[in-house]
Amino acid sequence: MNSLSTSTVTPVAFSLGLLLVMATAFPTPLPLGEDETTSNGPLLTTADKTKQHIKYILGKISALKNEMCNNFSKCENSKEVLAENNLNLPKMAEKDGCFQSGFNQETCLMKITTGLSEFQIYLEYLQNEFKGEKENIKTMQISTKVLVQILMQKMKNPEVTTPDPTAKSSLLAKLHSQNEWLKNTTTHLILRSLEDFLQFSLRAVRIM
C-alpha cells in the first residue's frame, strides 16, 4: 500500500483538517504554555467555545476589510452606494426568533445555519475575486461551515436548505461579469453583511 507523502498535503487541506477538529475542540486564547486543564480559570462551556468561534470569524472579516481599505482604497462606503448593489444577502428579521424580544432557539438556529449556508456561494465568489490574502478567505469559508455543523448539533430537527446548483451557477456568473468597481463594492458588501449577520448570531448565542 502506498504511503501518503507529507509533501502532498496542501496548506488548504491542512487548514480544513485543523478547522474540522475545531468543531469539537475550539481553540481559545490562553497564555502560552497553558490549556483548559492547567489554567486557573473555569473551563469554557460549549456556548463559550461557540462564541469564541464566531469571534474568530469576525476577526478574519475585520482583517480582510482593513486590507481592502489599506491596499485598495475601499473603506466604509455610504449605505446608499452599497444599496445600489442589490444582492439578496441573508439578513436577520424579527420573525427569525433571534432577537431578545420573541426569542425562539430552534427557529433562530435554523435561520443562522441556513443563512451561513447561503453565504457560502458569496464566499466562493470572494475566493475567486479578492485581490489580496486569499488564504484568509478560505479559512473564513471553512470556519463558517464548521460553525454550521456545531450549531446543527444544538437543533432538535437539524435541516439546512442548500442553494439550487443552477441558481448558484447563475448567480456566480452574474457576479463575475460585473465591472471592476462593482466587484470591489460587492466584495465589501459581502464582508459587511456577513459581519452584521454574525454579530446578530453572537448576541443570539449569548442568550441560548
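Keep in mind that glycine also has a Cβ here, set from the backbone N, Cα and C atoms.
Pulled from Swiss-Prot, these are the features on record:
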DISULFID  CYS69-CYS75  disulfide bond
DISULFID  CYS98-CYS108  disulfide bond
CARBOHYD  ASN71  N-linked glycosylation site
CARBOHYD  ASN184  N-linked glycosylation site
MOD_RES   SER78  phosphoserine
SIGNAL    1-27  signal peptide
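In three-state terms derived from DSSP, CYS98 (disulfide bond) belongs to neither a helical nor a strand segment and is classed as coil. Around the Cβ of ASN184 (N-linked glycosylation site), the number of neighbouring Cβ atoms within 10 Å comes to 19. Among the disulfide-bonded residues CYS69, CYS98, CYS108, not one has its Cα within 10 Å of the Cα of ASN184 (N-linked glycosylation site). Cβ neighbour density within 10 Å is lowest for CYS69 among the disulfide-bonded residues CYS69, CYS98, CYS108.
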